[in-house]
Amino acid sequence: MDEESLDGLLFKDHDFSSDLLRQLNSLRQSRILTDVSICAGAREIPCHRNVLASSSPYFRAMFCSSFREKSEAKVQLKGIDPPTLDQIVSYVYTGEAHIATDNVLPVMEAASMLQFPKLFEACSSYLQSQLAPSNCLGMIRLSEILSCETLKKKAREVALTSFPEVAASADLKELCALELRDYLGDDGLCGEEEKVFEALMVWIKHDLQARKRYMQELFKQVRLQYIHPAFFHHFIANDALLQSSPACQIILETAKRQMFSLCGTTVPDCKLLLHVPPRNSYQDFLILLGGRKDSQQTTRDVLLYSKQTGQWQSLAKLPTRLYKASAITLHRSIYVLGGMAVSSGRSLVSHNVYIFSLKLNQWRLGEPMLVARYSHRSTAHKNFIFSIGGIGEGQELMGSMERYDSICNVWESMASMPVGVLHPAVAVKDQRLYLFGGEDIMQNPVRLIQVYHISRNSWFKMETRMIKNVCAPAVVLGERIVIVGGYTRRILAYDPQSNKFVKCADMKDRRMHHGATVMGNKLYVTGGRRLTTDCNIEDSASFDCYDPETDTWTSQGQLPHKLFDHACLTLQCIPRTSGLP
């Protein structure tokens, strides 16, 4: 476009420069006014010094400085083959270059040497488009040779996000120890720790004598606390190769204490192991299952909520309708225990246990409880599940407790609670299981804290006027146990160390039969029933979040439907390996 000014018109011919370049290329092809030939092997291409000097700093320095090439008729370019030289000259005179699988590497190397940054980046972009799990490790090495940060970043991203496929490639076995350490130790590695361990052992055994000395340092990159204890027990703890290393033996013993000891871990190394964060690829998902939906009968629905997308997703339905079952998460699986199995015309108190795998999106039967029960409470600690109280087959209030060992797949009876209660708030903190409040068989509130010492299998109780919750969940939030509502708007935070309660910001409504869980250090409360100002009871679809940092509540919108007496859980997994978006 022409530009007018006070003293005239500025004319711009936008085709002039491209036409000029086209004419110069025509002169080159006709060998008119050419004054230098650049050579690769026996291949000689006549060119114009001024065009070459204008095209890159490399040629400008060659022809405009005191180098001998300034006056030579022929200039030999070492390290460049004839086809690549043709591509470079074509690019200089036309601004175009054909990049393909068979020439991208020599063209990229030549572009780097001759200082053509845009051509170099074009080659990098082409290689990035060809990245796959099978070649990304090789591309990382290539990018380091070529000093190409954009390619290196993209190739590493593929290597991290496609770890299971990369681990199966031959290139992994060819990494040096330092490269493997940086790879396996990266927070962004998208893979389960079991696969990380397996990849490490494959690498070591590929050249055992030369690589055995790196085993201790590399074994530290496996985040053992996120490995399924059964896998650790069967495949890691007694591995002969690891046991041959005294340093690895210490790591193994530390991990064993952390995973399997019911006593508190006070060893400094064990504390360090305990506090290594999960990899960034792990995400927390909120799970809602069972309960009563839209004032109707008990539902089999299972819903997953992603905080990242704000979307709800339906999962495989519960195998049967269960009224007032309990549910927990353990080792990235969901366990649903007991409940009253509701079918057409019949209702039976169940001792069944159903286990859900998010990766398979499937339910399976687990080892049944010793006693059939519903309206009970369950909680998990380390490798154990505790199932507490409830109502038995004879509709009697039970004070019994049983414990499931997920490694040995067995249930055993434990000490009964001092006072049998229904619908208490339950949480585990610092090797102790806490039962807050609840109600007796006559539906009178029980103002007690009942505490179970896990390693001693013993109970004690404390009376308190602070407790009056019924049908309220409890969660561990930081160093405190938070009791959420229970026929009240009140939120109480209990500090086990000081045995004191702190009142937090109230909920909007008086709520009961709701669910609560923790994701990312925040409390999420779902559904339930609420008491209106005129003392009517309404089912709720509310979805609220409490931030302990600011002591404030915010609405997260609505659940897909009204729901109460449901389970509300947090399940941690890697979306890519679990079929999630």
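Even glycines carry a Cβ here, placed using N, Cα and C.
Noted in Swiss-Prot for the protein shown:
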DOMAIN    34-101  domain 'BTB'
DOMAIN    136-237  domain 'BACK'
REPEAT    285-332  repeat 'Kelch 1'
REPEAT    334-383  repeat 'Kelch 2'
REPEAT    384-431  repeat 'Kelch 3'
REPEAT    433-479  repeat 'Kelch 4'
REPEAT    480-521  repeat 'Kelch 5'
REPEAT    523-573  repeat 'Kelch 6'
Next on the checklist: So if I exclude everything within five residues of the ends of the repeat 'Kelch 5' (480-521), which remaining residues of that chain have a CB under 8 angstroms from its CBs? That is, six or more out.
Outcome noted: 284, 286, 288, 291, 307, 425, 427, 429-430, 432, 434, 436-437, 449, 462, 464, 466-474, 527-531, 540, 542, 544, 546, 548-549, 551-553, 564-570
Checklist outcome for this item: Its residues classified by DSSP, the repeat 'Kelch 6' (523-573) shows 0 helix, 32 strand, 19 coil
Item to check | Segment-level pLDDT (mean, integer) for the repeat 'Kelch 3' (384-431) | outcome: 96
